[in-house]
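Right, one structure below, let's go through it.
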Amino acid sequence: MSNLSKGTGSRKDTKMRIRAFPMTMDEKYVNSIWDLLKNAIQEIQRKNNSGLSFEELYRNAYTMVLHKHGEKLYTGLREVVTEHLINKVREDVLNSLNNNFLQTLNQAWNDHQTAMVMIRDILMYMDRVYVQQNNVENVYNLGLIIFRDQVVRYGCIRDHLRQTLLDMIARERKGEVVDRGAIRNACQMLMILGLEGRSVYEEDFEAPFLEMSAEFFQMESQKFLAENSASVYIKKVEARINEEIERVMHCLDKSTEEPIVKVVERELISKHMKTIVEMENSGLVHMLKNGKTEDLACMYKLFSRVPNGLKTMCECMSCYLREQGKALVSEEGEGKNPVDYIQGLLDLKSRFDRFLQESFNNDRLFKQTIAGDFEYFLNLNSRSPEYLSLFIDDKLKKGVKGLTEQEVETILDKAMVLFRFMQEKDVFERYYKQHLARRLLTNKSVSDDSEKNMISKLKTECGCQFTSKLEGMFRDMSISNTTMDEFRQHLQATGVSLGGVDLTVRVLTTGYWPTQSATPKCNIPPAPRHAFEIFRRFYLAKHSGRQLTLQHHMGSADLNATFYGPVKKEDGSEVGVGGAQVTGSNTRKHILQVSTFQMTILMLFNNREKYTFEEIQQETDIPERELVRALQSLACGKPTQRVLTKEPKSKEIESGHIFTVNDQFTSKLHRVKIQTVAAKQGESDPERKETRQKVDDDRKHEIEAAIVRIMKSRKKMQHNVLVAEVTQQLKARFLPSPVVIKKRIEGLIEREYLARTPEDRKVYTYVA
């Protein structure tokens, strides 16, 4: 054990020790190292670096920094670089101000960058240690800062550089060819001199460039506007924007693209939006009038670049669209054809839908504006709901020529677009019910499928409450068909005769159909009256407790008519007749399709040849308004439908006028439909007032029901809040006025459904 300890002890005594590196150097030696490095730096700046040993220079720089002489090395470097840039480089650049300035500056910049890379490599250890410890700029950046301050930003060099670049760009804008590479190099230099920032580039070039550009484009805009149409101006602005983007891409820093484009947009678009849009014979309205979708698309694309650009376009488009719409719906020309009226609106909508798709990129703002405009002018005319229903009526009737089912479907879809814009949907519903009833009862529907498809569209739009009555009408028609089959079987089984009358009865549910509460009187002739009484007894025997009321205004009849007189030509000679069934030399037979009122009038003439207006009124008991309309259809309609003659021969029906059968009546058709006067023109003024009164009565009930529903749920509400809630609930059908809502609230208070609170009379409570 003792030997081991000795051995261990002797190894410890002979262990090597490393002596600490001396931290101080002789000043003379330090100066000699610096002189060596200084000379090398100067040689590099003079581009005489071929004989230098970079390894030796690195080692000497390393030694200086290691021995805490980094500050001397850093300060010395700054002085040497500064001296070279001031005495040599700056002088060369100043001498070139009037000759090859950019090339000289660019060469000096490239040489300086190359030199600083070499110097940085030599002084790499100083960058890693001294620069990090003392938080100063690294070698390369120090070189950039000195070049920036002593050369590029030196008084007249800075000004001359800026002016040279601006002049070159101005010349290029005028069409001259310039050295783009020189501009690009100068801009890259300014960006690098910003040391990862844009300040140098921005202050020395970009800011004055944008200012100069604004002045240039301001003058150019005046020239462009004076010399060009709107579409050409737009194309020139587009070209100018593209040119500036292309210049940035090839010459300037990419960060300049956004500000220069904004300058162009401000000077060429924003400041002149109204002028461009309203240009006479070439602006937006001109483009819309002439369907210039491409020009509109160019304008949209350009104006979408600037704030409020699309708003300016929209406002101008809206003014034009409203003018067009108001002209279409104006009530000046009474007797306007409803089908043409709606078709005109649909054509206008199609035009603007095309602009929306092809020119305005289906833009939401334009879409909403167009919809708002259509809603505005469609509701200016109180007859719009009636006319829309008549338009649909026309498309769903049998005999619409040249339209496939798919085409009818497309038209109905377009009609539904107008329906959505309509505020008085309840008025439309009332008219639609009337027109549907007429189609169903006269068997004029093109098909049940088309009818049900239309009702389905209305249901999707407004809900099942809106269409429940319309669907009920179809159920009634189906049940009536079954009832008539049973009635005919009953007649066969009992041998009861209807006296030659082919009777079809439709039993209608009062709530579904547009029946009249006060049914117009009419003395039905004995034969059809007798036939109906047989049906009445049959029906009531099956359905005890029910009541049947004849709705004369909804009925129709086919009459066998025989005309005996000769047909005369204008020269007085008599002619035979083609088309009618001729039984004798001059006897002609036709089937006349007429209303119940017209049938009642015509069957009088089986008894006598002549009747005065008063006699017809007394015999038939038809209300005067209905009688006048029926007689106008029979005696004052088209010659091919004039089955009665009237004395005197005027278009008006008045007391004392005498009516006889027109024995000279002829038609190429065996089956002649006697049109009701003005049937396609919509209701007369008195009828419209009556319809409006019925609508107003219905609305009172709907408003009251909505008020009660809301108050039952909320119990207590302030007046304005209740009015707003009621309006919100009913707007899908109509827009109730606050005045009407207030009246209905007062009515409910009187009937003790609601009460005012004692502390605030504008607050209501629900009375359970």
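Note: Cβ is positioned from N, Cα and C throughout, glycine not excepted.
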From the ranges 2-41, 82-121, 242-281, 602-641, grab the one Swiss-Prot calls region 'Interaction with KLHL18'.
2-41
Check the domain 'Cullin neddylation' (698-760) for me and report the mean pLDDT.
88
With DSSP as the reference, give the number of residues of the domain 'Cullin neddylation' (698-760) in helix, strand and coil.
42 helix, 6 strand, 15 coil
